[in-house]
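Participant: According to TrEMBL, the record shows the following:
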- D123: active site, charge relay system (ACT_SITE)
- H162: active site, charge relay system (ACT_SITE)
- S323: active site, charge relay system (ACT_SITE)
- 341-350: compositional bias 'Basic and acidic residues' (COMPBIAS)
- 117-338: domain 'Peptidase S8/S53' (DOMAIN)
- 341-360: region 'Disordered' (REGION)
Amino acid sequence: MVGGWRSERPDLVLHDSGGPAECLVRSGELLVFPDELPRAVDRLGRWIDRVDEPRDLGVARIRLRPDERGQCVRIAQDHGYAPNNVHVGSPIMIGTARPVPTGAEPPEPPRRERWDVTAAVLDTGLDPHPWFAGRRWFAEWGHSPEVLDADGRAGQDRQAGHGTFVAGVLLQHAPGVVIRHHRVLSSLGLSDDVTVATGLRRIRAQAAEHGERLHVVVLTAGCHTVDDRCPPLLRSEISAFPDAAVVAAAGNGGTSRPLWPAALPEVLAVGADASFSNHGPWVDAVAPGVDVVSSHVRLVPSLGAPVGTESREYGYARWSGTSFAAPRVAARVAHLVREGRTPRQARDEAAAEFSPIRSR
């Protein structure tokens, strides 16, 4: 898989492959906060190709010259800045020959309810599957449908439909929760610090614009870093949700290395009861994540159809990963909020109920 990224994704750099500091980053990108930018430009000037000034996110993106892009992690370390870490959607890393969903028997559809509890799902988007279409909340904030075939090769991308699947797991276990979705993951299962942080900021701004409170935030991708510390940009954006319970997938690498942002103390990190799941003291909860059945969307191949206009079929699938354990725990948080707990109280109570110790 890494070899495929190297050949097909020259915008990615795998640092310290197979070593203790292995991490995947955007080639040649450094992230700098505005107050550090003048000094950074002065120190790095001979390596800089261009600087994308801070905008809504409040962070500048320094792009290095072509000859230096592969050394961006070393340059970032030497000078105290951060690379733009790549986030990987959890099912990608499962060590199986068939990481894509396979056909499944349809589960019972979630009941049509509406609670005064809102969950933000930051993933690949959300399609108008019968479970969602017709619910009042579905398009209230606009609609980000799934991208199924981003490269136009007439085949469904490996993580296409992931957001629709995750939202279905959440709705099965919390049928009245209001879901607000935002696309941060590509249909290939990739994102980065800037994209995730931007998604967090935008979903927060939308909630403020609509006068709505976010009780739960669900994240299903994450990154390892060269120093095993959380990227400063992610830490900053997560801290802007003091009144919400942030629930994140722990990842599927089978390692104890922290995956960010799940490993942040204020985030509820959810693993699966499976050998592929990441583990360690930073994992707060364990939930079912093997052969989970949920809503799915399938591409109907059609030659020459522009991206986004392909025919689609809605049904159900079976999939494994910590991505699907996380919404199970998030649903429990939603139930507890509905019963009167604050999101933080609900987070802690759900963590105790799904404790890794209790699952053994």
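Glycine too: its Cβ is placed from the backbone N, Cα and C atoms.
TrEMBL labels come from automatic prediction, so no person has curated them.
How buried are these features, and what lies next to them?
Facilitator: When Cβ atoms from all protein chains are considered, those within 10 Å of D123 (active site, charge relay system) total 29, not counting its own. When secondary structure is read from DSSP and collapsed to three states, D123 (active site, charge relay system) falls in the strand class.
H162 (active site, charge relay system) falls within a helical segment according to DSSP.
The DSSP secondary structure for S323 (active site, charge relay system) is helix.
For the compositional bias 'Basic and acidic residues' (341-350), same-chain residues at least 6 beyond its ends with a Cβ under 8 Å from one of its own Cβ atoms are 215-216, 243-247, 268, 285, 329, 332-334.
As a whole-number mean, the pLDDT of the domain 'Peptidase S8/S53' (117-338) in this prediction is 94.
Counted with DSSP, the region 'Disordered' (341-360) comes out as 15 helix, 0 strand, 5 coil.
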Participant: Around H162 (active site, charge relay system), how many other CB atoms lie within 10 A of its CB?
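Facilitator: Other Cβ atoms found within 10 Å: 31.
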Participant: Enter the number of other CB atoms within 10 angstroms of the CB of S323 (active site, charge relay system).
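Facilitator: That number is 34.
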